[in-house]
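Novice: Could you have a look at this structure, given as structure tokens, before my questions?
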Amino acid sequence: MVDINLECVHQIEPKTRSAGQQQQERGLKEAYLEAVRILLVLLENILAQPENSMFRTIRQENKAIKEKLLSLPGCERLLEAIGFVRAPSSNAYTLPTEVSLQQVKKYRDALSERRTAWLNGTVSKSPPQQSTTSTTPLFIKPSVEYRHRIAFPRVLRTNNNFLQSLELYSDAVMQYEDNLLLATGRTLIPVEELTEMASEKLIDIQDQIASGERQEKEPCVRDLLLVELVNWFNTQFFQWVNNIPCRVCGSEESRLRRTEREGDIRVEVTVCCGQESKFYRYNDISQLLVSRKGRCGEYANCFTFLCRALDYDARIVHSHFDHVWTEVYSEAQMRWLHVDPSENVIDSPLMYQHGWKRHIDYILAYSRDDIQDVTWRYTNDHQKILHLRKLCGEKEMVQTLDAIRAKRRQNCTADRKLFLSQRNMYEVIGLTLERKPTENELKGRSSGSLSWRQSRGEHTFTNIFVFNLSATELQKRQLNVRYSCATDTYERYAKEGEHITILDSYKTWQKAQFSSKNIFRKVERDWKMAYLARLEDTDCGEIAWTFDFSKTNLKVKSYNLVFETKTFGDGKISVTVDATDGSASVENATGFKIVAKLTGGKGDVAWQHTQLFRQSLNSRDYPFDLQVQLH
């Protein structure tokens with residue numbers, strides 16, 4: 001299944017002008033129609049002859065291309081969305097062969113449909129908008145080329161391949177310290193939004209502590225910001241890829257034919273429908289910030305860099321069982337926090353041994369001024385692990401770490417060296433301790449410990465959001481709101497016939513709820529599905545939305561509610577819609593409340609037997625859609 005960015009398609013369309021600017025609007029419409037005509041011709045040529053490299057290139061030297069197509073506002077972003085790439089020193093856009101032909105066809109169809117609507121005068125002047133994260137740049141230029149950023153003199157004098165790899169991994173993290181890249185990384189993170197969410201969670205936790213509901217120590221806002229950062233990164237910024245979709249059928253079940261190298265990049269070549277597709281396994285952060293896709297290695301690499309962009313002391317962690325994640329130092333807790341960005345997990349280090357049943361032997365963490373053998377944090381059977389470590393002697397390991405550590409710290413100040421030495425000492429003491437795994441670590445769950453769930457607002461969360469009428473809704477005597485679990489976005493809209501105008505949007509399911517208890521959004525990466533469910537190990541989950549029109553003279557005339565649910569086995573979901581002003585019926589009430597309760601189910605996955613708004617991640621439908629008429 002191939003999805004397209006409709007916002008990019010709509011962004012190039014003319015904007016509605018005031019009555020005195022009708023002539024200017026006609027000119028904009030003509031420019032739009034001509035630009036789309038040219039682009040449609042280009043896309044048709046690619047679809048007709050996909051192997052012809054000439055048709056895959058858009059050159060700026062062409063006068064029509066430059067003056068009629070590329071001059072249209074939003075065109076460059078649309079080309080990028082389709083899959084075109086422009087090198088920094090080139091005057092041409094090229095469409096790589098790994099871009100799916102099905103994707104090109106979908107953009108062609110969407111553009112053709114919108115152009116026809118503009119020609120016939122049947123277009124909605126305010127097409128539905130998609131909520132997106134920050135715009136993906138076509139190219140990011142670092143201060144120094146990747147291979148020079150990771151090139152350092154070797155200090156190890158050993159023939160042991162495993163120990164040599166430790167120095168290579170240590171050199172690789174130095175690519176994060178490029179000032180231009182760090183500045184670019186900061187611009188890609190919605191820092192204000194994430195900080196606001198973290199602050200709201202902190203206030204909620206403070207209230208829980210004050211009421212006696214919570215006994216744990218109050219967390220700091222930087223730790224809560226980290227929780228929001230990894231959730232945003234996992235659900236909105238980065239995309240998991242098993243295989244690049246087939247260019248013919250769009251399937252991701254293609255077969256690996258071979259692995260090859262193009263320069264410094266490892267490339268997986270897969271085949272389906274007789275066509276080869278290439279999956280580039282980028283290590284260069286400047287390329288990952290553009291592609292924003294990969295597997296656990298790319299996830300950890302990019303996320304660790306973004307932590308550095310926000311000035312966290314972060315390090316990338318490589319395990320010998322072929323998994324990669326991040327550790328971030330918490331100044332407030334004075335310890336390193338385990339963060340797995342590909343799993344959206346925080347502070348569950350024993351889950352690999354006990355939940356995933358992985359054999360632990362070597363796990364190393366690398367940062368700009370340190371290297372640490374953190375194997376002992378990820379196991380609670382140290383004696384057994386010692387007998388499994390056969391790749392080098394323990395004394396040789398310590399000597400290697402000391403040599404690499406000295407290499408990384410040679411430019412550190414005396415104060416920094418002292419701080420790092422003291423921190424290392426405390427960490428080593430902590431690593432010697434063994435503890436019992438939590439329930440979540442035993443089951444390998446991705447929701448983290450209860451403490452972190454509360455910090456994420458996923459235990460009990462009262463947002464106190466109430467839907468009141470805006471000026472437009474008051475004038476039109478209607479309130480319409482819908483929610484997409486695929487994009488995790490609410491939209492308020494006005495409706496006239498079949499024409500819809502988006503009035504406002506709210507990102508994340510929590511943003512427009514009144515309250516919830518034991519509810520979280522589950523994303524199934526393997527099945528490409530998303531839904532709201534109750535937390536694991538809870539008997540009941542509840543979520544509510546509130547609508548209040550009491551400050552106006554209007555009451556509910558009628559309403560229509562689409563509210564999709566899915567149950568399995570003994571799972572039960574009850575949905576009630578009740579007036580909030582004491583009225584017997586919602587009709588003629590000045591407000592009402594929608595409440596969904598999730599209960600039942602059997603076994604360890606009982607929580608999964610009750611689901612709200614389940615849909616494909618590629619779906620553009622709205623499994624929650626409320627339309628209220630007022631009088």
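Every residue gets a Cβ built from N, Cα and C, even glycine.
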Novice: Swiss-Prot annotation phosphoserine: which of SER126, SER348 has it?
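Specialist: Looking at Swiss-Prot, the phosphoserine feature maps to SER126.
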Novice: Of the active-site residues CYS296, HIS323, ASP340, which one has its Cα closest to the Cα of CYS272 (Zn(2+) binding site)?
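Specialist: Nearest candidate: CYS296.
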Novice: Can you check what DSSP calls CYS272 (Zn(2+) binding site), collapsed to helix, strand or coil?
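Specialist: CYS272 (Zn(2+) binding site) sits in a strand per DSSP.
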Novice: Sort the recorded positions CYS246, CYS273, HIS323, ASP340 by C-alpha distance from CYS296 (active site, nucleophile) and give me just the closest.
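Specialist: Spatially nearest to CYS296 (active site, nucleophile) by Cα position is HIS323.
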Novice: Quick one: give me the count of other CB atoms within 10 A of the CB of CYS296 (active site, nucleophile).
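Specialist: Excluding its own Cβ, CYS296 (active site, nucleophile) sees 17 Cβ atoms within 10 Å.
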Novice: Express the distance between the Cα positions of ASP340 (active site) and CYS246 (Zn(2+) binding site) as a whole number of Å.
Specialist: 29
Novice: Have a look at the binding-site residues (CYS246, CYS272, CYS273) and report the one with the fewest Cβ neighbours inside 10 Å.
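Specialist: CYS273, out of the binding-site residues CYS246, CYS272, CYS273, has the fewest neighbouring Cβ atoms within 10 Å.
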Novice: Of all the active-site residues given, HIS323, ASP340, which residue's CB has the most CB neighbours within 10 A?
Specialist: ASP340
